[in-house]
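Have a look at the structure below before the remarks.
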Amino acid sequence: MISAVILFLLLLVEQAAALGEPQLCYILDAVLFLYGIVLTLLYCRLKIQVRKAAIASREKADAVYTGLNTRSQETYETLKHEKPPQ
């Protein structure tokens, strides 16, 4: 009996408010659009900051080797063997 009353009340209900007011849908669409743009900008900013931090840390690591020079001589030198005169 209660389910029949609920069904009857649902049939009498007029259109849903969201379907009757398209302006509300447009406003919600604009809010979601702006939300997407803001999130995209924040994501790009974060990626750029991470990339800059990685470059800075790489340069900092390279600074350790700044004072070092490569050897001018080879570790192993070739011996010059002269043939004795005959």
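Please read every residue number as a count from 1 along the shown chain.
Every residue, even glycine, has its Cβ placed from backbone N, Cα and C.
Source: prediction; values computed, not measured.
Per Swiss-Prot, these features apply:
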type: TOPO_DOM; residues: 19-23; note: topological domain 'Extracellular'
type: TRANSMEM; residues: 24-44; note: transmembrane segment
type: TOPO_DOM; residues: 45-86; note: topological domain 'Cytoplasmic'
type: DOMAIN; residues: 54-82; note: domain 'ITAM'
type: MOD_RES; residues: Y65; note: phosphotyrosine
type: MOD_RES; residues: Y76; note: phosphotyrosine
type: MOD_RES; residues: T78; note: phosphothreonine
Protein Cβ atoms within 10 Å of Y76 (phosphotyrosine), excluding its own: 6
The residue listed as 'phosphothreonine': secondary structure state under DSSP, collapsed to three categories: coil
